Amino acid sequence: MFGKLTLKAIPVDEPIIMVTYISIILIALFISFSITYFKKWKYLWYEWFTTVDHKKISIMYGILAFIMLFRGFVDAILMRTQQVIASSGNTGFLPPHHYDQIFTAHGVIMIFFVAMPLVIGLMNLVVPLQIGARDVAFPFLNNLSFWLNVSGAILLTLSLGIGEFAQTGWLAYPPLSEVKYSPGVGVDYWIWSLQISGVGTTLTGINFLITILKMRAPGMCFFKMPVFTWAALCTNILIVISFPVLTTTLLLLTLDRCFDFHFFTNNFGGNPMMYVNLIWIWGHPEVYILVLPVFGVFSEVVATFSKKRLFGYVSLVWATLAITILSFIVWLHHFFTMGAGSNVNAFFGITTMIIAIPTGVKIFNWLFTMYQGRVHMHSSMLWTIGFLITFSIGGMTGVLLSIPPADFILHNSLFLVAHFHNVIIGGVVFGCFAGINYWFPKLFGFILNELWGKRAFWFWIIGFFTAFMPLYFLGFMGMTRRLSQNIDIEFHFLLSIAAIGAILIGIGILCQIIQFWVSVRDRHINLDVTGDPWDGRTLEWSTSSPAPLYNFAIIPHIKNKDDFWELKKQKNQVQKKQYSAIHMPKNTGLGIFISFFSLLFGFSAVWNIIWLSFLSFLVVIISLIFKSIDENTEYTVSVKEIESIENRHLENVQKAGLK
């Protein structure tokens, strides 16, 4: 009845795992008890869990990302500590099979459940506001996409205490991921957590692509869109094209494991290298799915805090489009050692070098925007400058790795690990932190504490270079990635420095937690009463903070790129107008319902509980059919309510002397 699931699936003989899992359960019980005690379940259900408001969904994406960041960071600390101990002549505290699960989970968590939610959360907040829309094109899909990501994260977390996770690395190359070499449920957990969250991401891509193409304010042609919206458009094009490749690849691997197919096996016509090609045809665009939105963040931040028009708007747009196209013809640089031949390697090496050109164009545009500007060193600008330094180093090491002979030496070494983290942390994570500090008032109506924000930045930047610069040297010294036992003692000193860097990053995360706490505590002091605390240039700053549920009482008409900026110079951006009732989408619990049964389907597929798989899949299909015929999906915001909200905003702006 329960397939392969038995009590033996609980790893009671692994004290570290059991203590961790029991701690997670106790924390979950404490949170549930607190919500019950304060009678907040009804509030959470109606205001948050069932919401289709893109702004609230962006907040929930951020919460998911920070929860999973904590889990992923703990994994990183465990790995660093194990390597330090193992390089000092001891065996360490993590057995090899547990260490292998940790480094696999770390990669999956940080890419799929930290970086992606951060990026999608920012797009959820900013895109509709920047294009003058009241919501996304498909509000229900937005809610469903979020909860599918949550289901994927929960399924991955379940593997910690029920069964095991994959020991294959975050991309699960066959034949190691085939059932012959990984007969346990770890790879199945990996497949279904990625499959469920990947479907949610694909729906997000479709949703935002349609939103940007069809819901822009009147007069906003493509070359009047803000650069962040351009970056979001290209990002979602990449999502819509590349994520179906991931879904298909995982499906083929599932057929190999469950039904004895031979797509990626070493025999009966299978081809493991086909898997590697397919996974990286998704994987390298995924890098730019993460990076392009934060390029948009930096464009907005630099222009705002330099008090200047963005330098080279058109070249920035074309550079973004060039990166979007080139990202699909560089994937083979991840495996030059495959043996495809010198001509193939040369082609992909050259395209990899070429993609550095539009990236360089962007960096120079940001520098020229700052040049002779009245630069205000807000914490968002600090994250931006940190990015410029860190990402440039990551880019240079990437160009070095694009040379096939060099890659043959450095492939699978810690040099590669350092390069990858240079790009992802220095680019994506720093960019998301810049965006959070920048747009936080638009979500919550008050400004984040600057003192603790700057402390967080300095611990992060110093910790990052302390943690990852030694890895470049270790790579040159010949240390390969994913080692946990019998590490050469000559690596001990540099590994110890890297571990100190990880601790400094941990202090940076603690500073961010304190920043949020202090900001909430002092929110009445740091209120954003005007909706435009930074003297911004784009449409989102024309609304109150927090932005009203309908975003815009009257859809704006756009005349130029920096329309709001021009209106402010004319001193007439806010005035009393005639309003009409607005139709807005209703909240729905169907998204969380479908995602729960998707989670059940994934769990039952992992453990071969066939009856539960069929039942949960059937419930998902019936729910989607029910949603497709439901016509009661909207409610009306009255003119009286709109006037109340807008007049209050007008009064605040007039008091601030901005009329």
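Yeah, the Cβs are placed from backbone N, Cα and C, and that goes for glycine too.
Here is what Swiss-Prot records for this protein:
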TOPO_DOM  1-14  topological domain 'Extracellular'
TRANSMEM  15-35  transmembrane segment
TOPO_DOM  36-58  topological domain 'Cytoplasmic'
BINDING   Arg71, Asp75, His98  ubiquinone binding site
TOPO_DOM  80-106  topological domain 'Extracellular'
BINDING   His106, Trp170, His421, Arg481, Arg482  heme b binding site
TRANSMEM  107-127  transmembrane segment
TOPO_DOM  128-145  topological domain 'Cytoplasmic'
TRANSMEM  146-166  transmembrane segment
TOPO_DOM  167-189  topological domain 'Extracellular'
TRANSMEM  190-210  transmembrane segment
TOPO_DOM  211-225  topological domain 'Cytoplasmic'
TRANSMEM  226-246  transmembrane segment
TOPO_DOM  247-277  topological domain 'Extracellular'
TRANSMEM  278-298  transmembrane segment
BINDING   His284, His333, His334  Cu(2+) binding site
BINDING   Tyr288, His411, His419  Fe(II)-heme o binding site
TOPO_DOM  299-309  topological domain 'Cytoplasmic'
TRANSMEM  310-330  transmembrane segment
TOPO_DOM  331-347  topological domain 'Extracellular'
TRANSMEM  348-368  transmembrane segment
TOPO_DOM  369-380  topological domain 'Cytoplasmic'
TRANSMEM  381-401  transmembrane segment
TOPO_DOM  402-413  topological domain 'Extracellular'
TOPO_DOM  435-456  topological domain 'Cytoplasmic'
TRANSMEM  457-477  transmembrane segment
TOPO_DOM  478-490  topological domain 'Extracellular'
TRANSMEM  491-511  transmembrane segment
TOPO_DOM  512-580  topological domain 'Cytoplasmic'
TOPO_DOM  602-605  topological domain 'Extracellular'
TRANSMEM  606-626  transmembrane segment
TOPO_DOM  627-659  topological domain 'Cytoplasmic'
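Everything Swiss-Prot records as a feature, shown here on the structure.
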residue	record	DSSP class
Arg71	ubiquinone binding site	helix
His98	ubiquinone binding site	helix
His106	heme b binding site	helix
Trp170	heme b binding site	coil
His284	Cu(2+) binding site	helix
His334	Cu(2+) binding site	helix
His419	Fe(II)-heme o binding site	helix
Arg482	heme b binding site	coil
CB within-chain contacts under 8 A for Arg71 (ubiquinone binding site), separation at least 6:
Ile109, Thr157
How many Å lie between the Cα of His419 (Fe(II)-heme o binding site) and the Cα of Arg481 (heme b binding site)?
12
Would you confirm whether the transmembrane segment (278-298) and the transmembrane segment (107-127) meet the contact rule of 3 or more C-beta pairs below 8 angstroms, pairs 6 or more apart in sequence?
yes
Rounded Cα-Cα span from His333 (Cu(2+) binding site) to Asp75 (ubiquinone binding site), Å:
28
Apart from His284, His333, His334, which residues in this chain have a Cβ no more than 8 Å from the mean position of the Cβ atoms of those residues at the Cu(2+) site?
Trp280, Gly283, Val330, Trp331, Leu332, Phe335, Phe348, Thr352
At the level of the C-alpha atoms, what whole-angstrom distance separates His98 (ubiquinone binding site) and Arg482 (heme b binding site)?
12
The topological domain 'Cytoplasmic' (369-380): mean pLDDT?
95
Are there residues at least 6 beyond the ends of the topological domain 'Extracellular' (331-347) whose Cβ is under 8 Å from a Cβ of it, and what are they?
273, 276-277, 280-281, 283-284, 401-402, 404, 407-408, 411
With DSSP, how much of the topological domain 'Extracellular' (1-14) is helix, how much strand and how much coil, in residues?
3 helix, 0 strand, 11 coil
Quick one: what's DSSP say for His411 (Fe(II)-heme o binding site), helix, strand or coil?
coil
Please indicate, using numbers and ranges, the residues of the same chain that are 6 or more beyond the topological domain 'Extracellular' (402-413) and have a C-beta under 8 Å from a C-beta there.
333, 336-337, 342, 345-346, 349, 352-353, 474-476, 478-481
Distance [Cα-Cα, Å, rounded] between His333 (Cu(2+) binding site) and His411 (Fe(II)-heme o binding site):
10
Whole-number Å only: compute the distance from the Cα of His106 (heme b binding site) to the Cα of Tyr288 (Fe(II)-heme o binding site).
20
